[in-house]
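Features reported for this protein in Swiss-Prot:
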- 15-701: domain 'Myosin motor' (DOMAIN)
- Ser60: phosphoserine (MOD_RES)
- Lys287: SUMO1 cross-link (CROSSLNK)
- 592-599: region 'Actin-binding' (REGION)
- 704-729: domain 'IQ 1' (DOMAIN)
- 730-750: domain 'IQ 2' (DOMAIN)
- 750-778: domain 'IQ 3' (DOMAIN)
- 808-837: domain 'IQ 5' (DOMAIN)
- 952-1136: domain 'TH1' (DOMAIN)
Amino acid sequence: MAKKEVKSSLLDNMIGVGDTVLLEPLNEETFIDNLKKRFDHNEIYTYIGSVVISVNPYRSLPIYSPEKVEDYRNRNFYELSPHIFALSDEAYRSLRDQDKDQCILITGESGAGKTEASKLVMSYVAAVCGKGAEVNQVKEQLLQSTPVLEAFGNAKTVRNDNSSRFGKYMDIEFDFKGDPLGGVISNYLLEKSRVVKQPRGERNFHVFYQLLSGASEELLHKLKLERDFSRYNYLSLDSAKVNGVDDAANFRTVRNAMQIVGFSDPEAESVLEVVAAVLKLGNIEFKPESRMNGLDESKIKDKNELKEICELTSIDQVVLERAFSFRTVEAKQEKVSTTLNVAQAYYARDALAKNLYSRLFSWLVNRINESIKAQTKVRKKVMGVLDIYGFEIFEDNSFEQFIINYCNEKLQQIFIELTLKEEQEEYIREDIEWTHIDYFNNAIICDLIENNTNGILAMLDEECLRPGTVTDETFLEKLNQVCATHQHFESRMSKCSRFLNDTTLPHSCFRIQHYAGKVLYQVEGFVDKNNDLLYRDLSQAMWKAGHALIKSLFPEGNPAKVNLKRPPTAGSQFKASVATLMKNLQTKNPNYIRCIKPNDKKAAHIFSESLVCHQIRYLGLLENVRVRRAGYAFRQAYEPCLERYKMLCKQTWPHWKGPARSGVEVLFNELEIPVEEYSFGRSKIFIRNPRTLFQLEDLRKQRLEDLATLIQKIYRGWKCRTHFLLMKRSQVVIAAWYRRYAQQKRYQQIKSSALVIQSYIRGWKARKILRELKHQKRCKEAATTIAAYWHGTQARKERRRLKDEARNKHAIAVIWAFWLGSKARRELKRLKEEARRKHAVAVIWAYWLGLKVRREYRKFFRANAGKKIYEFTLQRIVQKYLLEMKNKMPSLSPIDKNWPSRPYLFLDSTHKELKRIFHLWRCKKYRDQFTDQQKLIYEEKLEASELFKDKKALYPSSVGQPFQGAYLEINKNPKYKKLKDAIEEKIIIAEVVNKINRANGKSTSRIFLLTNNNLLLADQKSGQIKSEVPLVDVTKVSMSSQNDGFFAVHLKEGSEAASKGDFLFSSDHLIEMATKLYRTTLSQTKQKLNIEISDEFLVQFRQDKVCVKFIQGNQKNGSVPTCKRKNNRLLEVAVP
């Protein structure tokens, strides 16, 4: 028992003060400093009596392991260091053992860790309650309901990556043993305006991003969705990706959680179909169309999105399209139908999307309740966990912040009331004199908001219901008239003159002084958001849907049950929900967790004192401490108190044999503690001043040191004596054992020596006999060897003699043959010399005869005259040829192939050279006429000829078409100003192409832009850039050999641009686009771009390789090529 007490006391090894009730001195500075000191040492939990303060560490800490759960299980609240598990265990044991219904109220601003705190409470309760197959199933369903609700109800905000955008209260039901039976979840005020619009830097609800990131291609195709976030107007793009968040993995977690909770596969698919319909609603756009009566009527621009929504929801397209264009108003038995202008149509679209998602979320909560509710009807114990919005103060505060802060005011009110009530009940229960405590009661603020006569909500409802023109300005005027004199209401236009010159208070705003501080509310949107109107035509269109889930979400659309009453406003609904919640909480024993956000950067190890100070003030933590300390700062049961301090008194140490209260009285009397510093309750000792407790702790610490010294002294003496007696006994035993060992060793030595001597003698005799036998054997072997060597010597001598005889005979034959050969060669040489002399004489004689003849007949030759005649004739022929060529010259057109024929054969080479020189000359003359722009065009045409002539059937039709490049004139069209500003480089091509969808083969119009360094794709409607591909990442362009405009752009594997796969386009200017892409890539990368022309080639779509095959189309397909995705591996293009 002592060991356990020393190990686990709240006051031992304390960093700062674990319970701020004991903080001395108590002020705001010391309170914050205590929290910071504990935060820096990873002590994120601190007590205010039974209230737990939790500071968000923004990182994982090893303090929630199963071992920690066991440490806090069935332990006294103050027995261990502060922890959320201690409060959870206290609440669970009170529910199980004392049959008291519990509620755990978790409050704090957004990002303070409320959602995580609620998860920890539920996980602890699940870990410590009973086991069994049925119990485990209930626990698992309760825990897995959280991921489902977080996916549909949480979103990333600037303050919190997983901010709850709805309030959740869960009643967990237990049986008499403390085992969970089920639960009931209530949700409050889902922030449905986030569906259609999100502030900058924030995201829509998680489920939209999880669905697009984690769903399979088959599911996306079924839901008619694409993975590209930019395709949907309701999704913010600047924060689509969140660091450290894997939306794909979270989607799998949500699907698994839905299955565990009890959703069937058809139900889960129906939910995802509604989510997809909400996403696609945001893509519906309207255009004005004038009617004959002069009024503008809204018409849908592109009905493809509307068609897909109707296919998803099984709604008649005509009915839904009319609901977006007309509004029907019913009054008694009259119906009036009016057209909607474009602004009203957009309002109707957004209202439908918000209502569809909000009702889906409510249906999810009800469906989860059906699965987790208790199946038995026996009496149940209940533990409620409240996780609701924290107090919100933004730069722009609207109706949502007003409602949220109203809820927090009510929670603060019940916190003050229940805290004081609990404190008072404990004093009465312990029979301690009660001291009245003064505190700020925020009931006046709650009354300002909720008063049925002149409260802000009542006036807002009155303004929404009155006939005539109702605007936000008229509502503000009404507030200025009724609330002007209220001390917590401020307005620039009120009758109160002190705010007339307040420049911090705009004319279109009002300010309320909440318990957390002053909040400025923008009045814009209060009336619309409170009305929350959905046109009856849209409700009826939804009720007519063939989709069972959607039909069930809009029961008011049933024409047979038309209700002409105005539906309750959002404010009145929320007020009623809060009243029900407060009534529920007041029936339970409260447990509080106050969550604090240490910084706005969502970073670990950063503690912003100013931010924490602000939260401490509006949470009223110092006031809570003062309430706790108003009577007695510390209280403890008699048994643990006596167990902890009994060593301070000789009468109680080491064991007290009487009642624990008597022991504590003896102890305090012995220590001479003043009587006014403490009081004895029925089961507890109450200490008034923290200094008294710290004095007890100092005395206990000093006494523990003295006891430790005494224990060490006695232990060392006992250890030395024990060691001496052991050594003495050991000496006797060792001597006896040594004598035995010495005799035994001597005997063994003698015995082993005799054995060694015997072994040596036997060995010597054996070796002697062995030597004699070996000598005899060697003698016999030596005689045989000598005889063999002698016979071998005789044989080798005979062999050498025979070889010498044979060698002498061969040498004689060789010498004789060499001499005969030498003689023959000399004779041959003599005969050759004689023959050469005879031939030389004959040659000299012939030359001599020729010389004599030439000398005799030289006077008869006319060599000079013939040469001159030949040269003259040749010159005349050439002159005549050139004069004729001058008169017969062809035209200067480079394509003219005419050329005069040659008159003589010997002029053939000259004729051809002249033709070549003339053609080069006229080509140069032709080129000199062109400007640089014309030269570039002809170079591109020449490049196109080399790439596609006789290879692509489409090429001949492109020869006569000039290459323009900029078909869209982006610089002149104001629609594309944003696109023009986003591109700083020179635009080489600007053309509208059809981008082929990778999933279904359908085409989507895109703007194709080619610059010096990049290839870009932009949305044709908005001009927003969808994809940007550096030219260095383009590896190949593939196309067919037929007369079609399809081509594929292949991207480098592993590059960022290739994450979704290659692109497949269709264009009427294929030849021009491919040629310019080839030349630009060559200029940028110094490498030729591979142009593949084949009727069948492969493209990479994400992780799959898909074959693109060109086939001959049927006549019924018309004259336009069509593209169709056959399966995961084949995409066919039918070419007419």
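Yeah, the Cβs are placed from backbone N, Cα and C, and that goes for glycine too.
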Note: in the chain of Ser60 (phosphoserine), residues six or more apart in sequence with C-beta under 8 angstroms of its C-beta are none
Would the domain 'Myosin motor' (15-701) and the domain 'IQ 5' (808-837) count as touching if the test is at least 3 Cβ pairs under 8 Å, pairs 6 or more apart? no
Count the other Cβ atoms sitting within 10 Å of the Cβ of the residue listed as 'SUMO1 cross-link', across every protein chain shown. 13
Calculate the per-residue pLDDT averaged over the region 'Actin-binding' (592-599) and state the result as an integer. 92
Please spell out the DSSP helix, strand and coil residue counts for the domain 'IQ 3' (750-778). 29 helix, 0 strand, 0 coil
As a quick check of your reading of DSSP, tell me how many residues in the region 'Actin-binding' (592-599) are helical, how many are strand and how many are coil. 0 helix, 5 strand, 3 coil
Looking only at the domain 'IQ 5' (808-837), what are its DSSP counts of helix, strand and coil residues? 30 helix, 0 strand, 0 coil
Counting by DSSP secondary structure, give me helix, strand and coil numbers for the domain 'IQ 1' (704-729). 26 helix, 0 strand, 0 coil
